[in-house]
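Student: So Swiss-Prot has the following annotated:
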DNA_BIND  17-21  DNA-binding region
COMPBIAS  1-14  compositional bias 'Gly residues'
MOD_RES   K6  N6-methyllysine
MOD_RES   K6  N6-acetyl-N6-methyllysine
MOD_RES   K9  N6-methyllysine
MOD_RES   K13  N6-acetyl-N6-methyllysine
MOD_RES   K13  N6-methyllysine
MOD_RES   K92  N6-glutaryllysine
REGION    1-20  region 'Disordered'
Amino acid sequence: MSGRGKGGKGLGKGGAKRHRKILRDNIQGITKPAIRRLARRGGVKRISAMIYEETRGVLKSFLESVIRDAVTYTEHAKRKTVTSLDVVYALKRQGRTLYGFGG
């Protein structure tokens, strides 16, 4: 026994998480007020009703491309954990340099 408790390191150890809410479409987790707050930060005064779904779609495609690149860096380094540097390099590759997280 490794003393890890119920979770264990191997697959199939421990039961299901009891209080985990199942989100079928996670992009809906980006709520209308959250999009509104981001727009306010950008100086937007009024927002059309159709903007919310469009924003979710654009955000989803942007995050998919960044995460895909970050995972590629992680796999190349033969690691299983995506680090902040992987994300920084992925953003830099797409021409969106981010400062303050190393690299």
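Here, residue 1 is simply the first one shown, and the rest follow in order.
Just so it is clear, glycine is given a Cβ too, placed from its N, Cα and C backbone atoms.
Context for these features, please: burial, neighbours, distances.
Tutor: The local packing around K92 (N6-glutaryllysine), expressed as other Cβ atoms within 10 Å of its Cβ over all shown chains, amounts to 13. Under the three-state DSSP scheme, K92 (N6-glutaryllysine) falls in the helix class.
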